[in-house]
Amino acid sequence: MAEQTPMMKQYLEIKAQHADAFLFFRLGDFYELFHEDAIKAAQELEITLTGRGKGDERIPMCGVPHHSAEQYMVRLIEKGYKIAICEQVEDPAVAKGVVKREVVRILTPGTVVDKRMIQEKENNFITSITDFADGTIGFIRTDLSTGENEVTLLNDDVQEIIQELTSSRSKELVVDPQFAEEKLAQIKQAIHVTVSYEENADIISDYVTLTEPLEQKKLQTTFWRMCQYLVRTQKRALNHLQPVVYYPANSYLKIDRHSKRNLELTETLRDKKKQGSLIGVIDQTVTAMGGRMLKKWVEQPLIQQEVIEERLNIVENFSSFYFEREELRDELKEVYDLERLVGRIAYGNVNARELLQLKRSLEKLPAVKSILEKMSKNYSERWFSQSTSYEPLIALLDKSLVEDPPISVKEGGLIKAGFHEELDTYRDASVNGKRWIAELEQKERQLTGIKTLKVGYNKVFGYFIEVTRANVQLLPEGRYERKQTLTNAERYITPELKEKEAIILGAEEKMEQLEYELFLTIRDEAKKYVVSIQELAKSISEIDVLIGFATVAENNRYTKPHFSTENKVNIVGGRHPVVESVIPKGDYVANDVQMQAEREMLLITGPNMAGKSTYMRQLALIVVMAQIGSYVPAEAVELPIFDQIFTRIGAADDLASGQSTFMVEMLETQYALTKASQNSLILLDEIGRGTSTYDGIALAQSIIEYIHDEVKAKTLFSTHYHELTSLEESLDHLKNVHVSATEEDGHVVFLHKVIDGQADRSYGIYVAELAKMPTAVTSRAEELLFQLEQGMKQMPVAASTPFVETVKEEVAVAKEEPTQLSLFPEPAVEIKKEESLTKAEKQLMKKIKEVDVLHLTPFEAMQKVYEWQKSLK
Ligand code: ADP
Ligand code: MG
């Protein structure tokens, strides 16, 4: 192999330290990527792959201009990659040999704070887990844009880790390189998360105060790993990190990720839109911070009754103050994203505009407080107990920054006149100089008689006097000094002009420098308020969410839910918040739900499209809403506090996930059956549809029985298998309900009304008719249905019949062979048409038909079978 160039050597050395990231290597005006990085980046970014060097030594290379590099970085980060940005850290003009280069920052999906890469109303959490010898796992999530740090302990259970990662919507997970590989593989298989490694979990003295609130060493260690990683990748002080708070992981209503998806809590199943999800309906927040907090609440509803009721009581109080509420919303609308603003202040990338946003937000505080005080005397205490006064900061920002400062903080134009004496002097010099130049143009035009003479400026030559070629001969000899010749004009200077130029440019340069320095002192002043503003931001978010709840409650006629200690569900006139919002007003058919004692489980039958799935989801959504402290769509609601919600959709219905296999359905049901407790809510929607009818029914029945006898959770089970309705007789806590439909003029009309008792028929064929299926198909189907129904009457479906027992055994056997996807293959009986039977077979058939079974002893039966077999050999 040929000798490496010194630059390539440097590249390879740096790359070796950043193997898991794209190395953006600064070369002049470009960031270049080499080798594998280049090949992969060219593919991902659809840019041209070129090469460096010749012949065999040619290495793959691709590059992006430094000024437009960000857009490419954004795309790679969105795809879950990491990027190490390597800059030239000395001036190439003075460098001896290869210019010194260093990685100045590592961008990763979990640590980006760029507005283009993160969602306004969503936290961007990076997470880290640390496993301890005692079988516990420390879990931390940090949002670098807001500085939040939340830590908890989990059991050493991959599902629990996945659950926590999902509810944190983590994009990146930091682990010790020693972390168990197979566990990591399971996590990666379950969710899209970029994995990063950090070996070091040592204390960093600069951040020690952040861990003071933590009592446990394990929680601290968990934080330190995260902190080490952040410091290593960000390469700057992280002053805005907030003290680490402990959150108890299982103090929330647990909803596993499939159920969250199914229930469309924060986004729709199909196109992942907020519109059409629960949050799409109930988000009436007016600040980005409030939006983020609401999302967190929906991801993690509460289980502590007092805390839920505290929220509900505030909503109730807010509900009775219409005008104050609207006033408050108007004020809050003008509050910017305080959390992210202070994040930028601490991070050192805040600009003057954003400092003014901070000022305007803080100026809203007195009004916000006084409106709240009108509603309750307690609110100041609850939300604004801190002693910090923001007046000095507001005053400073007010007198220092101009109304409409530029985005850049290094090019001057930020600081108000009168704020700083020296700055004013420079400014005067510059202004006077410019005035002198403006007057020069007038003066010279008069003196030379050249009307088109003008004074101009460019970066290379500075100020000049320009005379068009046609007029050059009018100039008195030696009046100006010639500087530059253009095609149509000559440019000149005079010593006096250059003198003024020096004053102006000198003053401007000093001004820019001084303005920047002043800006930094202002920013540092603001930095002192970071911690208290973060606290303030929390209060504002909470107020915003709760005001939003009151607003939604009023707009959509929601009611306050109550929690009973009797473990009963009693919903009067419940509605599905999302479905109700998309159909014409008043069209939604409200339904009651009663679950208690002899109706702990409801078996829901009814035709397709009747509203079974809607009814089930409606209950789950009401539960979630109630447990985040929101009013609910119903007339009256009494609920227990649920600990977990499970929803499973039958494979045939679960098209959106793209993995509509029966195996997945079974795995998910298994999860519900093993994890649910007596205080859980289980929704099983058409389970068993993914297989043939008999297995489907058998399986559905045994699942129902298992929940009934063993799990005892409140359960809604929808099915189109009418055979299952007979279970009501054998199971004490199960009740049949059905969604009614009637026929009018031979067409089915869905009433969407859920009432006790079983549905009389399936109406599937009517739905086919509604769908304009050819009449030949539907009438033939009716014929077949009739025949099938006759046959079905002999199907054994009562509890614990031998048939079901056999199926259970089959299930047990099949479970030991996980690769076998179809758990219940159809029996491979070959049924021949009568014409094609042999003579012996025909005779045999005749004999079988003639046997009088009731008058046969077992021995005679055996003998007959023996003879029959012989006749076939
Ligand atoms: P099923 O699960 O019984 O096949 P769905 O619950 O999917 O039926 O409901 C089918 C459609 O009927 C829904 O998309 C909705 O538009 C409408 N629907 C369901 N329940 C109601 C209701 N209570 N009031 C009004 N429309 C309803
Ligand atoms: Mg359905």
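Each residue's number is its place along the chain shown, starting with 1.
Even glycines carry a Cβ here, placed using N, Cα and C.
The annotation ATP binding site is assigned in TrEMBL to G606, P607, N608, M609, A610, G611, K612, S613. For 680-696, the entry in TrEMBL reads domain 'DNA mismatch repair proteins mutS family'.
For the domain 'DNA mismatch repair proteins mutS family' (680-696), the number of residues in each DSSP class (helix H, G, I; strand E, B; coil) is 4 helix, 5 strand, 8 coil. In this structure, the binding-site residues under consideration are N608, S613, and the one with the smallest number of other Cβ atoms within 10 Å of its Cβ is N608.
Checking the binding-site residues G606, P607, N608, M609, A610, G611 for a CB within less than 6 Å of any atom of ligand 2 leaves no residue at all. Candidate binding-site residues: P607, K612, S613. Those with a Cβ under 6 Å from ligand 1, in sequence order, are K612, S613. The number of other Cβ atoms within 10 Å of the Cβ belonging to M609 (ATP binding site), over all protein chains shown, comes to 19.
A Cβ within 8 Å of the Cβ centre of G606, P607, N608, M609, A610, G611, K612, S613, the residues given for ATP, is found for these other residues of the same chain: S718, V739, A741, F750. Of all the binding-site residues listed here (P607, A610, K612), the one with the fewest other CB atoms within 10 A of its own CB is P607.
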